[in-house]
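The following features are taken from TrEMBL:
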- 1-33: region 'Disordered' (REGION)
- 40-250: domain 'Aspartate/glutamate/uridylate kinase' (DOMAIN)
- A48, H53, G154: substrate binding site (BINDING)
- G49, D175, G229, K233: ATP binding site (BINDING)
Amino acid sequence: MTTGSNSGEVLGMDWSKQPGESEISSPISDFEDRPVVDSSPFIVVHGAGSFGHFQASKSGVHKGGLYQPLVKAGFVATRISVTKLNLEIVRALAREGIPSVGMSPFSCGWSTRERNIASADLSAVAKAIESGLVPVLHGDAVLDDLLDCTILSGDVIISNLAAHLKPEYVVFLTDVPGVYDRPPSEPNAVLLREIAVGKDGSWSIEKPTLQNKNKQVETSVAAHDTTGGMLTKISEAAAIAKLGIDVYIVEAATSHALRALSGELKGNLPDDWLGTVIRFSNK
């Protein structure tokens, strides 16, 4: 996004009272003469990580059964944790001058039926974008028509948003450089640069050419992860790519991530870019 003035100055938007401070620090007067700056519209979706998966897995929220005291308590605990994380991410973005607003799927009326999205009101998200705000959604505990409750992953949320709002591209930020042919911690793991998705939703490895062309990607899932790990990311990314929207999977906080987020990678991938692109193919 284009933020700040030509001088590169960033005016923070988190005017909360900070620990140890007697007064709220805010540059309110600095905003009064500030020119309106055009910026690209963005939506941010984050997962729960250590803030939600632990509570959900220990109580079985993802399996349903809200009538059970442990599951109900876990549902409440999970939502407290993920909304706390959402607030911290919104505040971090706001401190960098990003006009971000937190939007919880549960509070916005999202629900599922056997873990598939049954209802998703996107009107608030669309209105926020039109108003020049950056919606920040997150993986959440939601109600389910048949299971009573479950966990709605950020990956599934992104896929649903992409299908209805048709973004130019989608970027998945992870803690590894991209998708590998096996868990990257294993010896001889190969980074997959391009995955092609066909009309039927099936996908195949385009680059690099592997010795075993029929080889499928092997993935692992952390014990506390209730939403499927990398396999869910690839599946949802393939669903997005089937819509004709390029998806980039890249390591966060790197120059490669910045290039993906800025839209620099449209068309042919630069040889010096590290990451995975998942694209629709007519072949």
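In case you wondered, yes, glycine gets a Cβ from its N, Cα and C as well.
TrEMBL labels come from automatic prediction, so no person has curated them.
Per the record's binding annotation for substrate, residues A48, H53, G154 show a top Cα-Cα distance of 12 Å. Considering only the binding-site residues G49, G154, the Cβ with the fewest other Cβ atoms within 10 Å is that of G49.
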